Each structure stands twice: as C-alpha cells, then as structure tokens.
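Contents: one structure, followed by commentary.
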Amino acid sequence: MSIGRAVNFNSTVLPVLPLRDVVIFPNIMLPLFVGREKSVHALEYAISSSSHQNEIFLIAQKDGSIDNPEPENLYEVGVLANIIQPLIKLPDNAVKVMIHGVRRGRVIEYISSHTLLQARVALDGHYEYGENEDNIDLEALRRSVIDAFDNWCKLSKKSRPEIIIDPIDQVKEVNQIVDMIASHLNIKVSDKQNILEVYNPKERLKKVFALIEREISILSAQNRLYKTIKSQVESTQKVYYLNEQLKAIQKELGEFENGDEGNILNEFEKKINETKLSEEAKEKAITDLKRYKKMNPISPEATVISSYLHWLLDLPWGKYKDAKINLNAAKKILDENHYGIEKVKDRIIEFLAVLKRVKEIKGPILCLVGPPGVGKTSLAKSMAKAVGRDFVRISLGGIRDESEIRGHRKTYIGSMPGKIIQHMKKANSCNPLFLLDEIDKMGSDSRGDPASALLEVLDTEHNKHFTDHYLEVEFDLSSVMFVATANSLNLPHPLRDRMEIIQLSGYTEDEKISIATHHLIPKLKKEHGLHQKEWEITNEALYELIRLYTRESGVRSMERELAKLMRKAVKAILTDKNKKISVETGNLQDYLGVRKYTFGIAENESLVGIVTGLAYTETGGDILMIESVLIPGKGEIKYTGKLGEVMQESIKAAYSYVRSNCLFFGIKPEKFQNNDIHLHVPEGAVPKDGPSAGSAVCTSIVSLMTNIPVNKSVAMTGEVTLRGRVLAIGGLREKLLAALRGSIKTVIIPSENEKDMQEIPANIKEEINVIFAENIDEVIKVALMHPITSIDDNNEISVSTSIENKDNTFPSSETLKH
C-alpha cells in the first residue's frame with residue numbers, strides 16, 4: 001500500500017471561482033452551473049488566457065447565501081481544476097462547465113480586479129507515494145472506511161453500491177480513496193472542507209470514518225421511523241377496512257338494528273319524536289342524526305355529533321314545574337329561615353304577588369347586595385322553596401371567559417355548552433329559580449367579557465331567544481326566575497341597569513344573638529349529634545363570643561366558632577363521660593383559646609391628631625383610624641396608608657380648607673409655613689379610597705395644629721368641601737354598626753343623612769348619640785376636648801368658642817400625649 005507525500009511548488013496567480021454549498025476534491029470530475037458575473041468572467045479568462053491553459057482555482061464559500069463574496073467569506077484551501085469542456089451557454093445567461101479537480105492549494109493573497117476574482121495560490125505538488133507494507137493500522141483503517149462506506153451506500157438507496165464501491169476498491173492511494181468517498185457523502189460543506197484541509201492520510205481516514213458512522217446512525221434512525229409510521233398507517237387502514245366489512249356483514253344478517261349502535265340511533269330518534277323541541281332545534285337534530293348514520297361510529301366527527309345530540313335532546317324542552325304561589329306560606333318560609341331584614345322580605349313578597357297575578361316574569365331581576373355572611377344565598381334558596389321551583393346556582397366568581405356563559409363552538413376540542421345551558425339541564429325544567437352567585441366577582445380579559453354575555457341572559461325582552469354557541473339553536477329562558485348576589489355594586493352599568501338592587505345590611509349584636517339562638521345552634525346541634533340538653537350557651541357568653549372572637553357584618557365566623565365549641569363538647573362527652581356541657585363567660589376562653597379581637601373604644605386615651613373615622617367596605621363597616629404628626633418643613637402635607645386617588649384629593653381639600661381658615665381655628669399662618677404634616681391611615685397594606693374621611697382629616701389637622709386632643713369616644717364620617725360643608729355619605733347602617741362594635745358613644749354624620757336614620761334599628765339609636773353637622777366647624781366643636789380660641793387678622797386673640805364636652809373633663813396640657 002502507498003502512502004502519499006506532498007511536494008510543494010512555487011506559487012502562481014490563478015482566476016478564482018467561488019463555489020456555493022459544494023467542495024471539489026482532487027481527481028473528481030463534476031459539472032458546474034455558473035451564473036454570477038465575476039464567476040463567468042473567471043471561467044472565460046481561464047479559457048482564453050494562454051498562461052493558464054484552462055486552469056482555474058475552485059474554493060468554497062463559508063456562507064452560500066452571499067452573492068458577492070469577499071476574501072474573508074472564502075476558505076483558505078481549495079482545488080486547482082481543469083476545464084475539460086467548452087462553456088455551454090444557458091437561456092438565463094448562466095453557463096454549464098465540466099471541471100476536473102487536480103490538486104490542492106492554499107491562497108496566499110487575493111489580487112484586486114473589477115471583472116473577476118484572482119489570487120496567488122501555493123499549490124501542492126503531485127503526490128509521491130512510498131511503500132510501507134508494515135503499516136497494519138493504516139490498512140485496517142482503510143478497509144474499515146470502505147466497509148462503512150459500503151453500508152452507507154446500501155442504507156442511502158441512492159444508487160447501486162457496486163457502481164461506487166468497485167472503483168474505490170481498485171484505488172490504492174489513501175488520499176485518493178478519502179477524496180472519492182468524501183465527494184459522495186451527504187455531509188455539510190464545513191465537514192467536507194475540514195477533510196480537504198487535512199494532509200495526514202491517517203487523520204483523513206479517521207475523520208471520514210467518523211462522518212460515515214454518524215451518517216449511518218442518522219439513516220438507521222430514519223429507516224426505523226419510516227417503518228413505524230408505515231406500520232401505523234397500515235394498521236389504521238386495516239381497522240377501517242375491517243369496520244366496513246363488519247358493517248356490511250351486519251347489514252346482510254339484519255343484526256345492525258340490534259347492536260349498540262342501533263340502540264343509540266333508536267334512542268336519538270325516539271327522543272326527537274317525544275321531546276317538545278322547537279322547530280329550529282328539531283330540524284337541527286334530524287339533520288345531524290342523518291349525518292351521524294352515514295359515519296363510522298369511531299370517527300372523531302361522529303363522536304362530536306353524538307355528544308351534541310345528547311346535549312340537545314337532554315335539555316328540558318317544554319318542561320315546566322307547576323309552581324303555585326301561596327303568599328302566606330312564602331312569608332312563613334322567609335320568616336322561619338331569616339331573622340330581621342323585614343324590608344327585603346316585604347320586597348320579595350311583593351315580587352311574588354305580582355308574579356302570581358301575571359303568571360309570567362316581566363319584572364326586573366333581583367340582585368341581593370350585602371357583606372359576606374348576611375344570608376344572600378340562603379335567601380335565594382328560600383325564595384325557590386316559597387315559589388315551588390327547582391333551585392340551581394352558578395358561582396360566577398373568577399370567571400373571565402365569555403365562553404363560560406355562552407359555551408364553546410363545536411369546532412374546538414372538548415367543547416361543551418356554557419354554564420347557563422349546563423344548569424338548565426341540571427334543573428330539568430324550563431322555569432327554575434336561577435341564582436347567579438357573586439356576580440360582582442367576574443373579570444374580563446382577551447377571551448371576552450362574561451358580564452357583557454350576561455346582558456342577553458338577564459334581558460327579559462330578549463332572553464326568550466338565548467343562543468348558546470355550542471347548541472347553535474335558540475333556547476327560551478323567559479320563564480326562568482333569575483336572582484343575583486353581590487358583595488358590592490362594582491358592576492358594569494348596563495348589567496346593573498337590568499337588575500333591581502336590594503341591599504342587605506349587616507346584623508346588630510341583638511340580631512346575631514337571635515340568629516344564633518333560633519337558627520345556628522339548633523342546626524349545629526343536629527350536625528354534631530348533640531341532644532337538646534347535652535349542650536347550652538348563655539346569652540352573656542354569646543355576646544362575648546361575638547365581640548371577642550368575631551368581627552364581621554354577617555354570621556359565618558360566629559357559626560364557625562359555635563361549631564368549634566360543639567366539637568369540643570362532643571369530644572368531652574365521649575372521653576370524659578360528661579353528661580352536659582355548659583358554656584359561660586368564665587369558661588369560654590378555655591374552649592376557644594386566646595381572644596382574637598379587643599372590644600372597646602378604638603383608642604384608650606384622647607390624643608392629639610388621632611381621630612376615629614368610619615369606613616364602609618364590601619365586608620361591612622369598620623373603624624378607620626387617622627393619625628397625623630407635625631414635622632419641620634415647608635408647609636406641605638404628606639399622606640401614607642395605600643390611599644386611593646379620591647381619598648388623596650379629599651385630604652388635599654381638607655388641608656386647604658383648614659389652612660385657609662387657620663385664624664378662625666386659632667392657628668398662626670407661620671405654623672403652616674414652617675412645618676409639614678404627615679398624615680397616616682393604618683393599616684398600611686390595606687387599600688383605602690373614598691371621600692367620606694374628609695371630616696376626620698380636618699379634625700385631625702386642627703387638633704394637631706392647636707395641640708388640642710380629640711375625644712376618644714367620638715367617631716365621624718362625611719365628605720368636606722373647600723367651603724367647609726359636610727356632604728352626605730353611604731353605608732350609614734354599616735358604619736354605625738362598626739361604631740357600636742368599637743364602643744363609640746358619639747357619631748357625627750352629615751345633616752343630609754338624617755333621612756337615613758329611619759332605616760337604623762332602634763337599639764343602635766339608643767346606644768349611640770348621633771349628631772348631625774352641616775359644616776366642619778360643628779364637627780370640630782363636638783370632637784375636640786378643649787375650646788378653640790380664634791385669632792383676628794392682627795394675630796390677636798379675639799373669640800373663645802365654647803364646645804360641649806361629653807366627658808366633662810379637660811386634661812391639663814402637661815398630661816396631653818402626642
């Protein structure tokens with residue numbers, strides 16, 4: 001076997017032909033199609049020039065997408081080639097040329113030219129081969145490469161292996177073998193160029209062997225994948241063919257009608273004939289059933305149609321529950337299940353009375369709005385019981401997709417009707433009482449706005465023609481009695497306009513005691529298996545439980561605490577053999593643990609700049625403390641506590657009013673100019689907004705600047721204008737309940753809210769002294785512990801404004817805390 005050794009000659013200047021996505025090897029003949037202008041000129045120059053004798057230097061581009069490659073876009077090593085046929089002109093101005101690779105060369109430098117690319121090239125000499133018969137490793141490597149290439153040829157199936165392998169077997173020179181094999185491999189240009197640039201024969205064999213093995217692995221994986229796919233396709237075709245044969249056999253034997261498929265078809269036909277479908281729905285059902293009969297039962301489309309027909313035919317078309325309304329019985333049911341809320345129950349009875357007369361629902365949709373735990377959902381259940389209708393409930397909290405209401409179109413995988421149609425099927429009648437729970441908790445995003453989708457559902461003029469996207473036919477919702485619940489009126493205006501709002505306020509302590517005694521305790525005893533005489537709780541203990549372990553407008557927390565007491569009672573009866581458990585104020589803490597809340601006034605002492613305000617939230621009323629401190633500055637006011645825009649504007653308005661009337665309040669203007677006020681509303685992590693804290697902010701600023709403390713037992717609420725007027729507020733009942741829970745004795749409210757006092761329970765009026773104020777001056781007179789001494793324009797004391805002091809105590813300035 002011969003091993004080549006290259007002999008270098010002197011360099012020469014040659015025209016250069018850049019190649020796209022191809023590498024030419026020595027001793028390889030190949031046709032090329034050349035179209036670039038410079039490349040064509042290079043070929044013509046090589047043929048016409050007597051010095052080059054049809055010689056041209058071929059070199060591969062690093063990036064084949066570049067049309068006009070620069071020297072840095074070309075590899076350094078290429079091949080000197082002979083043009084062995086005349087150029088053949090093609091219609092697109094390109095030329096076809098046949099070239100034959102001669103030997104390798106390395107570019108020394110490129111020579112600039114406008115018409116063609118030339119380079120000075122150092123050419124490798126012809127190989128001189130020496131004998132080395134003892135090189136067993138090289139011979140083994142040569143044979144391995146040829147065998148691997150033979151396997152590659154068989155796997156690639158691009159040509160007969162013997163046509164390629166036989167000529168290679170005849171070649172003895174290692175480098176020529178490598179060149180011939182590399183030219184046939186379907187590998188990347190960079191890999192071929194790498195082989196071209198390696199001179200050591202043994203290294204060249206190793207590189208080409210590794211590339212062949214990689215290509216064999218890829219081809220083997222492709223063949224396995226092809227066989228797998230082919231097998232799957234053949235299996236599917238076989239199943240389809242057998243199913244068609246089975247159908248034909250069943251048809252011949254008359255067994256098709258007795259099979260499962262026949263039963264399903266018979267069931268569909270029977271339902272279509274017996275169900276009181278609308279004309280549109282019946283036509284749709286018949287059309288889809290005809291399509292279904294012609295389909296393969298296991299096909300995906302047949303499954304979709306079958307599911308659709310089940311939904312369409314299982315709806316309560318034309319089914320109405322005979323609901324006879326007895327107003328006396330309805331009132332009795334409402335009174336038994338719900339304590340208080342007389343006005344709400346009266347409105348429901350009025351609604352039922354009209355419904356009894358007209359026999360159809362044309363009035364507004366009722367929307368029960370109130371804090372959690374006041375009985376909105378249970379009230380809707382009682383309404384259903386009172387009118388003798390089926391009750392279904394949809395929880396709308398967190399729904400953001402319009403398709404949850406209207407359904408998904410059948411084109412989607414896993415599509416199904418919306419919640420309205422789903423629950424109509426569940427109700428199994430066309431006139432249930434439908435509760436839309438937590439309607440204010442819906443959201444919206446890119447998938448649509450469910451609140452807008454509800455507009456059609458709640459419109460009594462149009463819901464007769466409600467169309468679900470899945471059903472694609474109209475379904476009559478006009479006989480459905482819709483009731484909605486919400487914690488707040490944070491609803492889109494068009495949706496709110498379709499409903500009549502009924503407010504459910506929080507319960508007083510006396511009402512909670514009555515609810516616990518007559519409703520919760522009997523229910524919980526039954527749930528925990530306690531007999532009537534095995535467990536009892538005193539009224540005093542109930543009051544303490546409400547005050548120290550719950551702080552809510554409703555009764556859910558109270559129910560949880562009572563359930564906790566009864567669980568411990570059951571455990572004590574079974575383990576300690578106690579016959580009776582009695583819960584009193586003395587042992588309440590033993591059962592419920594450490595007190596969760598404090599019951600008493602919001603502040604233990606009357607302090608400067610500390611004012612008790614009142615707030616109204618979705619969960620009811622609450623006490624809102626407002627604090628302020630004075631720091632040296634430039635007359636600015638800062639506020640913290642996660643305040644909303646409306647509340648920030650209210651603070652600015654209150655500050656401007658007090659500063660503009662500083663002399664009246666006995667404050668020198670210099671005190672504002674030389675100091676900043678920092679106003680804070682705890683708790684800092686809870687968002688707060690609204691204008692009703694204006695009077696409390698004014699009082700806090702006046703108290704701070706005059707150094708007069710605010711009465712700890714006084715709370716206030718009201719919006720303040722720049723003229724000092726106190727404007728009306730909302731949520732008065734909830735705010736007064738919060739004041740009562742905080743042991744507030746006096747509450748100052750706007751005079752415009754005096755009319756709302758008729759809605760306030762008598763026990764609240766007895767326990768709280770409610771004072772009406774038209775302007776902020778009246779509020780400050782009641783709230784501050786000391787009289788205000790006004791200053792005239794000359795900064796002289798002129799007026800002493802006396803105020804009524806509820807505690808009849810005026811602490812000395814030395815004892816005031818700030």
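The backbone N, Cα and C atoms fix where each Cβ goes, glycine too.
Annotated features, as they stand in Swiss-Prot:
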- Ser692: active site (ACT_SITE)
- Lys735: active site (ACT_SITE)
- Gly370, Pro371, Pro372, Gly373, Val374, Gly375, Lys376, Thr377: ATP binding site (BINDING)
- 14-216: domain 'Lon N-terminal' (DOMAIN)
- 605-786: domain 'Lon proteolytic' (DOMAIN)
Practice task
May I ask you to report the DSSP-based helix, strand or coil state of Ser692 (active site)?
Solution key: coil
Problem - Shortest C-alpha distance to Ser692 (active site) - which of the recorded positions Pro371, Val374, Gly375, Lys376, Lys735 - result: Lys735
Problem - Euclidean distance between Cα atoms of Lys735 (active site) and Pro371 (ATP binding site), Å - result: 13
Fill in the blank from the handout: Ranked by how many other Cβ atoms lie within 10 Å of their Cβ, the recorded positions Thr377, Ser692 are led by Ser692
Exercise for the section: Count the Cβ atoms, other than its own, that fall within 10 Å of the Cβ of Pro372 (ATP binding site), considering every protein chain shown. Expected result: 17
Handout entry: Overall pLDDT of the domain 'Lon proteolytic' (605-786), taken as the mean
Key = 90
Practice task
Enumerate the residues of the same chain, Gly370, Pro371, Pro372, Gly373, Val374, Gly375, Lys376, Thr377 excluded, that satisfy the criterion Cβ within 8 A of the mean position of the Cβ atoms of the recorded ATP site; list them in sequence order.
Solution key: Leu368, Thr485, Asn487, Leu504, Ser553, Gly554
Practice task
Taking the Cβ of Val374 (ATP binding site) as the centre, count every other Cβ atom within 10 Å, in any protein chain shown.
Solution key: 28
Fill in the blank from the handout: By the 10 Å Cβ-neighbour count, the most surrounded of the binding-site residues Pro371, Gly373 is Pro371
Handout entry: Cβ-Cβ distance under 8 Å to Lys735 (active site), same chain, at least six residues away
Key = Leu614, Ala615, Tyr616, Gly621, Thr717, Ile729, Val747
Practice task
Have a look around Lys376 (ATP binding site) and count the other CB atoms within 10 A of its CB, chains all included.
Solution key: 25
